[in-house]
């Protein structure tokens, strides 16, 4: 059904425009934003008659010589046609009417309004009115059933309703559309249309399809769609014969379907791609008039009467059936495409698949529909198609159609592409900016401040405003160069403009943090090179250009590295020493973008952390924001609102952490992201009603959204705890990254996060116990630290689940062995991290269980591997366990009294030195930064911290000062369940090893014993004293400033909270161990005279041997876990 697209004519001022034909088809009538109705004798009429109906005319309808218009004075008026004489006001609304239409006989008019009302008015007697109430938002369109029984209406509330006119009730309502607050914001006008004559079908445009609903049953019987439609359909109109349906879309596409075969028989495109907002068929069926939102009128001509007149005789042998005259205007060379006869089965799925842009080059018909979307362009036409195209332009007559039906098959068939369609690549953009075509826009909104651009008749300027005015005062810059891109950091503002015919693309930097007087520099890019994306980091700036080049500059203007990108840049972001680049790595298909991502780190050792991996996006979405959290973790948001964050512990994968669409009230609302924080967990964004980005005025308010991992069944208690645990683990990875990069971190926060995770694991463990899921309990125990495993063992044994308790004790033993192996084989950081997880490790190296050779070995390892280990600490995060332990590293390290404690960062190490000194003096043995111990889990974390001392201090203590001090604190006060068993074997070992260990330690740093220790050594200990010795370190960690007496008070309070059974066991152990302890202490004193070590050498020896030498003494450990309280 080839047709000709006539050139557009200017009709009205810019804005919504409508068109219709008169009953005879002789006149074209339009109305528009200028308030005029114009009557055109033809498209070529240079002097159309016009009638002024108001300030604006929103809609018109014409029937039986009566012209009805909806104007801006909230009335629906009648004029005579074609004279244009006013004939009174038909009805009024409280606000403007949006659409008017006649019934088939012309006796009644229906009008919908922005006041949510629909009125049906008798033309001859306007007092005869029916008001249909029920919509909850402005009405978009109304349409009469040809039999005058029903009226259909569509509204901004998202519903399409069919009303019974007489009863003034709703026959059916479908929620089909996006909700909006006004017609002007609606994605589609949703102009409904009933099939003429029988009124069998109601056509409703929904997104990119037309839904057909059957009258009476109101069933959704079918869809009309076209793979090449990419934007919502605005209007639909039936041909007078009722066989064809035309649709006009937001992107300017016009499509005609044969409803019987559901085949697309015509595609055309608006010459400038403007939105088509009105369609009308000529009563003869040969023309479609259309108008756009710019006030122009166009026409598709040449739908020969054969299109609608099914009785027309065609010269070719065609029986007058469904498809009879569909292709009259085309040659029967269509047989080239396998369509010899209209009735042949091959021809049923015929579709016109013209290219979106160059439709007129395409055959209008004759492609098989079921091949999906087709890449039709000039190159994909076969010879038959080309000939068809010539016919289309040249002879539209049917003379040629009767010729050469036999010759056609000789033309070789060219294979047709049936695969997915390529996606247009998204353009480069600056994250945190709004579109460049706006006169007032955000050029950048980030965590430092806001850069606004103004480009109107009065001014072309840039305003820079800082969230914290202490960074710098606000700046007003004249934008004489026409900068379109900007970035803002704590040090500088970076601006860039595209090149023009005369000027090169320029990069301008205002280095406001500079201490000299020249605070500005500018660079011209080479000819033909344009800036596409830019960003600022700490001391550097990066610019990506259209030549696939990335140029680095120092913040002061020195040119630095330059390298090529693998594809066209999409956007970049910088944070500290990290640079994140996203680019097109290939062509995407089926609406997907194929993006790649690179993450570079410019620390002393420059490296590429992510090397061109594909960037995961939601299906059919594009990248809408890219950046870093305030803590330096890369993250991004796609157009579907999904926020993803880098998970460094899982091989640099991307984890979805939030979906902003879940909190949007309607489909057209969006959140515009401006920043992400991991601690506290906050997504900072601006809610945008009905748009994707905010206006500059009024100043938008920032909202805060929570994060939520998309785990399954998060409505259940189990799902909630799992989500919280993994979210906590993910959002606290930054501690280990920052410390490995040399930054000081908040150890309280790290401790808190570890405690929170272990509490959640314990809660999940308890829940699984209640549900009798013992295997699941064991799986959870694998994630726990050793301290929490011991707590889990207690819980299991009290719940009478002895099999589970036995399994858990095996896990505890396994973890202890792991720790020992790592102690020997691996670099210390990993080793210490494991130790941290285990309760066994709490015994000190000095406890004597370590043979002197082992101790020496550790010291050597520590000295040799210290440097490497530190780096590894930040990098080795393959497993969740490792991640947790590392997170815990700093706090423990601070406490670290033993030579092996690892420190993540040099700064951390220095920080830890002081605590050790304090320990040496015999006072607090734990880091001052540790939180107050309030529950058993707290105890576990603190003890964990102390645990690693023996193994980890070595690493940490690269500095000689720390080494000597480290061992002592450990000896002082760390205790574990192992000790509780009071294994004699371990005692013996402790005694054997005490001497060598003491020897080694003493040269390092022998501090005088505190008075408390001395007194303890002189007389037998009570159960409380024994408990205090083992838990002193934890108490001091939480309360570093307490005096000795206050420590004892605090300890007594905690001791009282223990169960009677536990207190008794401590007392018994004190009795049993006093003799051994005294012996050991005497020997130690003789050797090194160190009261500190004498203090509780025996008990510590037990613990140490148990913890550190688990492999040596598994039986003792198992006995502990089996709860044989000796």
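Numbering starts at 1 and runs along the chain as displayed.
Yeah, the Cβs are placed from backbone N, Cα and C, and that goes for glycine too.
Please treat TrEMBL annotations as automatic predictions, because they have not gone through curation.
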Expected hit for DNA-binding region in TrEMBL across 742-796, 1017-1071 is 1017-1071
In DSSP terms, the compositional bias 'Basic and acidic residues' (1053-1071) comprises 17 helix, 0 strand, 2 coil
Looking only at the DNA-binding region (1017-1071), mean pLDDT returns 80
The answer for the repeat 'WD' (9-41), taking Cβ pairs under 8 Å and residues 6+ beyond its ends, is 48-64, 67, 69, 71-72, 79, 81-82, 84, 277-284, 287, 289-299
